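This report concerns only the one structure given below.
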Amino acid sequence: MNNIEMIRMQINYLVTQARHDIYTLSTLSDTSMKPQILQRLWDALSTIHFLSDWLANQAKTSSHNLSSQPSIPGLSGALYQSQIPPITPLPTPPISQSNQRTFTIGELATFTGKNGRPAYVAVNGIVYDVTNNRAWAAATHFGLIAGKDYTQEFASCHAGQQSILAALPVVGRLV
Amino acid sequence: MPPESLTNEAIAERLTSTALKSLKKGTIKKKNLIYLELNGCSGNIISLLNGQNPDFEYTLNSMVDLKFCNSLMAAEGERAIEKLIKAMDEEYILAVEGAVALKNNGLYNIIGNWQGKPLTGLQAAQMLGEKASHIFAVGACATHGGVSAAKPNPSQSVGLQQVLPNKKMIKLPGCPVHPDWFLGTLAHLLLYGEPETDNLDRPLMFYSTLIHDRCPRRPFFDRGIFAEKLGEKTCLFKLGCRGPVTRVDCPTRQWNGHVNWPIGDNTPCIGCAQFGFPDAMAPFISYDTTRVVKNE
């Protein structure tokens with residue numbers, strides 16, 4: 001089965017699910033379920049949108065290259081499962097102990113997230129990767145730029161919120 | 001099908017139409033409103049004028065009695081200020097747009113003359129704020145200083161709360177505020193009292209979800225597919241999109257009569273409804289994060 005056919009199957013599945021969700025919403029007496037169903041509907045629509053854009057791109061490029069179709073990231077595994085898993089953000093890469101390198105403040109300053117480089121910041125002596133962190137768009141966060149030690153700033157803004165740091169991939173230590 | 005529309009605009013529409021009906025039936029009473037424009041660009045009143053049919057001025061006048069509004073009232077000069085002072089004799093709701101300029105005791109922002117003396121925005125904000133039954137801080141400048149307080153802030157502008165530290169107020173950030181956010185909150189106040197707010201005094205019914213969580217381009221973010229330049233239809237995160245930190249309902253509400261919104265038009269969210277805008281949201285666009293520059 002080629003990629004396009006699988007995408008079509010996925011879209012059909014999502015449309016069926018969306019129809020069912022709309023029917024469920026129309027007959028719902030227990031309103032506590034409503035937000036979840038609406039969320040699933042939203043996700044289904046977003047994915048249909050994503051897939052249709054992808055198909056349109058394929059149609060555009062297929063005239064140039066009919067033989068090879070690149071696989072679509074993050075979807076191929078899901079197509080064979082009976083249940084479509086919800087969309088979840090990309091998992092943070094596992095922290096390998098061998099990757100625990102040390103940084104001087106000068107070295108850290110080169111990881112600004114500019115020109116394709118990763119974006120790192122340090123808090124309490126630990127260097128974290130914020131390249132794909134959603135609060136660090138364009139490697140900046142509320143006026144702060146990546147590549148610096150933000151121990152003070154973190155304490156003044158997110159004191160006690162260790163969960164923020166726990167969710168970030170660690171890349172090393174600041175020496 | 002669900003009996004009533006569940007869209008975001010339907011919520012504000014339902015609130016305003018219910019308020020208008022209740023006023024007609026006499027179940028709720030009209031209140032007076034003073035709409036004060038201080039140090040800013042008048043962008044919020046312009047945005048409000050861009051509201052739906054029936055037009056904003058009609059909606060506003062039929063929901064409340066608009067006693068003073070720098071831009072909309074017919075009176076001018078000292079006669080306008082006279083109306084403002086007179087309006088203080090009765091109970092009123094105060095809505096303020098624009099920041100409060102502190103420099104030279106407020107002389108950087110004069111809203112009119114009263115008894116031969118200049119009336120500063122600072123005086124007006126404090127005088128009217130102390131007596132108001134409810135206060136709305138409308139738009140980025142009023143809620144936290146906004147563009148008026150951007151560096152280097154020559155007028156020493158601050159948000160309204162700073163000159164009325166002990167007064168409770170409803171904050172509606174945004175540059176400008178969406179007509180629905182203001183009219184919806186006003187209608188809620190008339191119908192049911194103050195709406196539920198978050199810890200930053202923003203009404204939850206409009207400011208509870210992140211733009212990122214309702215973004216139609218979210219699947220691209222989740223799969224790590226980022227636009228490298230404006231115009232591309234994928235996630236604008238690497239160009240500096242502030243949707244992931246901005247809490248408001250733009251993706252589903254949309255602007256200009258619910259027609260479109262920034263990301264729908266291929267530009268990143270600049271976080272205008274976030275506290276700290278614009279300085280803390282800069283850079284608005286960045287072209288050197290994903291693109292690899294040669295010889296560097």
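Residue numbering: from 1, along the chain as shown.
Glycine too: its Cβ is placed from the backbone N, Cα and C atoms.
Automatic prediction, not curation, is the source of TrEMBL annotations.
Secondary structure from DSSP puts B:Cys175 ([4Fe-4S] cluster 1 binding site) in coil. Over all protein chains present, the Cβ of B:Cys175 ([4Fe-4S] cluster 1 binding site) has 23 other Cβ atoms lying within 10 Å. Among the features that TrEMBL reports, [4Fe-4S] cluster 1 binding site is placed at B:Cys41, B:Cys141, B:Cys175.
The Cβ neighbour count for B:Cys215 ([4Fe-4S] cluster 2 binding site), using a 10 Å radius and every protein chain shown, is 23. As annotated by TrEMBL, [4Fe-4S] cluster 2 binding site applies to B:His212, B:Cys215, B:Cys235, B:Cys241.
For B:Cys250, B:Cys269, B:Cys272, the entry in TrEMBL reads [3Fe-4S] cluster binding site. Residues near B:Cys250 ([3Fe-4S] cluster binding site) in space but far in sequence (CB under 8 A, at least 6 apart, same chain), listed by position: B:His178, B:Ile211, B:Trp261, B:Pro262, B:Ile263, B:Cys269, B:Ala273. In this structure, B:Cys250 ([3Fe-4S] cluster binding site) is part of a helix by DSSP.
Taken from TrEMBL, the feature domain 'NADH:ubiquinone oxidoreductase-like 20kDa subunit' applies to B:41-189.
Annotation comment: TrEMBL describes B:207-284 as domain 'Cytochrome-c3 hydrogenase C-terminal'.
Listed binding-site residues (B:His212, B:Cys241, B:Cys269, B:Cys272) with a CB under 8 Å from any chain A CB: B:His212, B:Cys241. Taking a C-beta cut-off of under 8 Å and a sequence gap of six or more, B:Cys235 ([4Fe-4S] cluster 2 binding site) has these contacts in its own chain: B:Arg217, B:Arg218, B:Phe220, B:Phe221, B:Ile225, B:Phe226, B:Ala227, B:Cys241. Excluding B:Cys250, B:Cys269, B:Cys272 themselves, the residues of that chain whose CB lies within 8 A of the CB mean position for the [3Fe-4S] cluster site are, in sequence, B:Gly174, B:Ile211, B:Arg242, B:Gly243, B:Thr246, B:Val248, B:Trp261, B:Pro262, B:Ile270, B:Gly271, B:Ala273. Around B:Cys241 ([4Fe-4S] cluster 2 binding site), taking its Cβ as the centre, 31 other Cβ atoms fall within 10 Å, counting all chains.
For B:Cys175 ([4Fe-4S] cluster 1 binding site) paired with B:Cys215 ([4Fe-4S] cluster 2 binding site), the C-alpha to C-alpha distance reads 19 Å. For B:Cys141 ([4Fe-4S] cluster 1 binding site), the same-chain residues 6+ apart in sequence whose C-beta sits under 8 angstroms from its C-beta are B:Leu38, B:Asn39, B:Gly40, B:Glu97, B:Gly98, B:Ala99, B:Val147, B:Ser148, B:Ala149, B:Ser157, B:Gly159, B:Cys175.
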